[in-house]
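One structure is given here, and the rest of the page talks about it.
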Amino acid sequence: MEKYNAIKIVKGSGGFGGPLTVKPEEGKDTLLYITGGGAEPEIVEKIVNLTGCKAVNGFKTSVPEEQIFLVIIDCGGTLRCGIYPQKRIPTINVMPVGKSGPLAKFITEDIYVSAVGLNQISLADSSAEPIKSTKVPEEGKREFKYSADKKVSQSLAENSKSSIVQKIGMGAGKVVNTLYQAGRDAVQSMITTILPFMAFVAMLIGIIQGSGFGNWFAKILVPLAGNGIGLMILGFICSIPLLSALLGPGAVIAQIVGTLIGVEIGKGTIPPSLALPALFAINTQCACDFIPVGLGLAEAEPETVEVGVPSVLYSRFMIGVPRVAVAWVASIGLYQ
């Protein structure tokens, strides 16, 4: 009887990507989950039972990439969505998010699947071929003077002594290509990230104003957001280590509360000068869910991750109230 079994993962309602067929193997049998607050998603236990792999909480320790056969995230569409697909590690997102974030180009259907729940995971057929991230061995290549993937000017510049004219031409070409690619990336980021966010905020403001929720919430919010002391209390709540990692994913909480505060400032309920300390108060928890991923990108040792995650969480807790107080002092006299 085989030690490990292959599973098939399909996208859920509103999801993207897949289906993925994955199977652990000796030395590459770790299921890494990096979800808000280090909470274990319900699908982890099912995957472990079906495959025979071992699960590791990315908030508590790190795992060498060569030992990871599958990653589970709960990203709402930011950088974390594309980090592991970029490394060609099969990725499950429990949120219904598609090609989104600055690494969207790496999020493809053959390595990523989203909106995954218990019903989307099952044992794979014996004939199914699991994903294998193997490097293609390099074969000896015959040398040619010209190449189909390079311009004549590039080939001449590489294969012969470049003249001043060639150097100037190549330099100008690189500058133009760099600017052109920067423009393409900027437009792509606008389409995939900024415009959807603007639409989300517009919809949220419409719901708040149309439903009357804003008036009800304003009565609760004004005692906190309407003065500096209240904002420091709000910053204290958002910086509590047990809550900050849960409030961080996708910055959804900060977006909603920020929109509500912005609407109330526009209506005159909250003084405009409190916009600055309010910004610091509602963003104290930002990126607290990203700490293990960031340490992993820096190739931190497991011991470093174990110490680094609580260190950052507690450092945010210690500076949560002081940063709001400094912003409150700096906002005195604004818009007057």
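Our numbering is plain: 1 for the first residue shown, then up by one each step along the chain.
Including glycine, each Cβ sits where the backbone N, Cα and C put it.
Owing to the predicted nature of the structure, the values given are computational and were not obtained by experimental measurement.
Around C75 (active site, phosphocysteine intermediate), taking its Cβ as the centre, 26 other Cβ atoms fall within 10 Å, counting all chains. Sequence annotations record features per position, and here Swiss-Prot assigns active site, phosphocysteine intermediate to C75.
The domain 'PTS EIIB type-5' annotation in Swiss-Prot covers 3-195. For the domain 'PTS EIIB type-5' (3-195), the model gives a mean pLDDT of 78.
What Swiss-Prot lists as phosphocysteine is C75, and the listing cites sequence analysis. In this structure, C75 (active site, phosphocysteine intermediate) belongs to neither helix nor strand by DSSP; it is coil.
The annotation transmembrane segment is assigned in Swiss-Prot to 194-214 (among others) on the grounds of sequence analysis.
What Swiss-Prot records for 228-248 (among others) is transmembrane segment, and it gives sequence analysis as the kind of evidence.
As annotated by Swiss-Prot, transmembrane segment applies to 250-270 (among others), with the evidence given as sequence analysis.
According to Swiss-Prot, the feature transmembrane segment maps to 278-298 (among others), an assignment based on sequence analysis.
The feature transmembrane segment is assigned by Swiss-Prot to 312-332 (among others), with sequence analysis given as support. Tertiary neighbourhood of the transmembrane segment (312-332): same-chain residues 228, 231-232, 234-236, 238-241, 244-245, 273-277, 279-281, 284-285, 288, 291, selected by CB-CB distance under 8 Å and a gap of 6+ residues from either end.
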